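As given in TrEMBL:
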{"type": "DISULFID", "residues": "C220-C241", "note": "disulfide bond"}
{"type": "DISULFID", "residues": "C319-C340", "note": "disulfide bond"}
{"type": "DOMAIN", "residues": "57-170", "note": "domain 'Ig-like'"}
{"type": "DOMAIN", "residues": "174-269", "note": "domain 'Link'"}
{"type": "DOMAIN", "residues": "274-366", "note": "domain 'Link'"}
{"type": "REGION", "residues": "375-400", "note": "region 'Disordered'"}
{"type": "TRANSMEM", "residues": "17-36", "note": "transmembrane segment"}
Amino acid sequence: MYRFHLDYCYILCSQPLSLGTVTCLVLIFGLYATSLSTDAEKGRRKVVHVLEDDTGAVIVQTAPGKVITHRGGSITLPCRYHHEPESSDPNRIRIKWTKVTDALVFEDVFVALGLQQRLFGSYRGRVSLEKNGPGDASVIIHNVTLEDYGRYECEVTNDMEDDTGFVNLDLEGVVFPYYPRVGRYKLNYHQAEDVCKEQDAILASHAQLHKAWLEGLDWCNAGWLEDGSVQYPISHPRDQCGRKDTAAGVRNYGYRHKEDERYDAFCFTSNLNGKVYFLKRFKKVNYSEAVKACVRDGSVVAKTGQLYAAWKIQLLDRCEAGWLEDASIRYPIVNPRTRCGGPQPGVRHLGFPDLKFRLYGVYCFRKNEESVNGDVVKSTQGPRKSSKDIPMNTTSTRTI
């Protein structure tokens, strides 16, 4: 028996992993599993032990991994296969990628049989085979969107034989709680989906909310997640948020009725293709004047998700309250100071004031200029930054 060591590999199997071994015909692994964008390259060293016995079957012992990028980037979904006999005609190999959107529900992404290829839906024009030698079924997703986040299945078929493996695509970004002008606990599941999209975001997953909680998110109002469950993160237990003597964590109401029950929403957004900025003016303005001011400056009023992304990723810090597109008043604080709303960093929220008579500044959003083929040729934003260590706390996101 021989032992080999492969570095930077992800081996995933379609069968549940146990303490024993799992035999796979499709070996999904990435000799690299990082974003193609140089500003988002990251990854952890993984050592995979592969044992080969006298029968030629490959026995794998490993744990599933994930690949990470950001909105607008490019990413490889790694998938490699080995088939017996080696002389099999490659033109008879079918490669199919699908996205797992729900339990036993799949969305077609890409299929190839020999030289013939077909793309589906929003993936048209954005997905291509990597073609990194024999046995490579990896695909590259370009211009990654928020909706690309999730779990993908790679299926390789050779005549009557087939096997599958899975890859999880994760995005860098920020989770934020959201409720509309009409008030708290007014959204059913479908309305929560809509308001997140309106704010340049999607409903967050449980994994994204849990990660945000680990980073300090504390919010005492329950909200919808993308799987139809209702949850809320508590970092500092207190009586008004499920009792003070209970442990900190993500509280879970379970799966709720999507049409009849109403809660807030937890949204997720990622990297911006543009810049959020506070428009300097000599006087404060009402909402309609704010909209016109941004337009005159070649921009539009920023959305809530865009302000959160600018705070978390671009480290926007401004101690001045301003209008946003949803007619809320907010401002981002990276470096807390006494006169700027408390000791914690976050996006301060002053509520939804009267549109005509209340006067504030305004946050605008300007897109990057792009060339004909979609490549950025001029950017209005500075070098991409990260603020992973910035916690999000109730005192920084609740109304003050």
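Even glycines carry a Cβ here, placed using N, Cα and C.
TrEMBL labels come from automatic prediction, so no person has curated them.
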Cβ neighbour count within 10 Å of C220 (disulfide bond): 16
Site of maximum Cβ density within 10 Å, from disulfide-bonded residues C319, C340: C340
Helix, strand and coil residues within the domain 'Ig-like' (57-170) as assigned by DSSP: 9 helix, 62 strand, 43 coil
Structural state census, the domain 'Link' (174-269) (DSSP three-state): 22 helix, 30 strand, 44 coil
For C241 (disulfide bond), the number of other Cβ atoms found within 10 Å of its own Cβ: 17
Distance from C340 (disulfide bond) back to C241 (disulfide bond), taken between C-alpha atoms, in Å: 25
Rounded to the nearest Å - Cα separation of C220 (disulfide bond) and C340 (disulfide bond): 22
Integer average pLDDT (0 to 100) for the domain 'Link' (174-269): 96
DSSP residue counts for the domain 'Link' (274-366), split into helix, strand and coil: 22 helix, 26 strand, 45 coil
